[in-house]
């Protein structure tokens with residue numbers, strides 16, 4: 001019962017991480033304009049994401065524009081698009097695989113095959129966390145490098161946006177949820193495997209009867 005509850009917890013964490021990846025993929029705040037000029041009042045703030053960039057005025061008005069060309073985008077944006085979309089699809093596959101093999105469902109009879117399916121679902125969640133970590137760290141490295149690069153003009157310096165932090169939180173949920181699912185499934189498989197019992201052969205005594213010690 002405890003392993004089933006932990007398995008459901010891992011599945012819930014995996015679903016939250018999957019939703020977080022989709023949210024981070026759609027948000028335009030992967031990198032935002034840095035306020036490092038001498039002017040305290042800034043007229044506008046620039047948000048740049050995987051699919052669009054937005055300009056937020058000081059009055060609260062926001063204008064967003066979708067990128068015109070895919071091939072003209074930087075390589076980190078193209079890789080971020082591809083990997084986040086792949087993770088979104090793999091997360092759906094992991095959800096279906098884990099639900100099919102979960103202990104609380106009756107889609108498959110209990111046994112080694114059922115636990116292997118759950119382990120496969122947890123492994124897919126872990127793979128999703130690793131894949132989504134690549135564009136997040138890539139973006140963060142570029143933002144930090146440009147920020148401390150003296151050759152980059154102050155108006156072009158950027159800071160890490162909220163989407164990166166949401167993506168890192170989603171990565172942690174995916175990795176932890178996937179590991180929890182795999183560990184619970186392995187422990188459940190060990191619990192369901194019973195040792196083989198052997199019984200001693202019954203030998204008749206001198207009077208032709210079987211010895212009582214042969215009976216269990």
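Cβ from N, Cα, C; glycine included.
A Cβ distance under 8 Å defines the sequence-distant neighbours of the transmembrane segment (7-30), meaning residues of its chain 6+ beyond its ends; these are 47-54, 64, 80, 84-85, 87-88, 91-92, 94-95, 98-99, 102-104, 118, 122, 125, 128-129, 132, 139, 161-164, 166-167, 169-181, 184-185, 188. Here TrEMBL flags 7-30 (among others) as transmembrane segment.
Sequence annotations record features per position, and here TrEMBL assigns transmembrane segment to 82-105 (among others).
Outside the transmembrane segment (117-144), and at least 6 residues removed from its termini, the chain residues within Cβ reach (under 8 Å) are 7, 10, 14, 17-18, 21, 24, 30-31, 76, 79-80, 83-84, 86-87, 90-91, 93-95, 97-103, 108, 158-160, 164, 167-168, 170-172, 174-175, 177-182, 184-186. Taken from TrEMBL, the feature transmembrane segment applies to 117-144 (among others).
Beyond the transmembrane segment (164-184), the same-chain residues lying 6 or more positions past its ends with a Cβ under 8 Å from any Cβ of the stretch are 3-4, 6-7, 9-21, 23-24, 27, 30-31, 91, 94, 98, 118-119, 121-130, 132-133, 135-136, 139-140. Among the features that TrEMBL reports, transmembrane segment is placed at 164-184 (among others).
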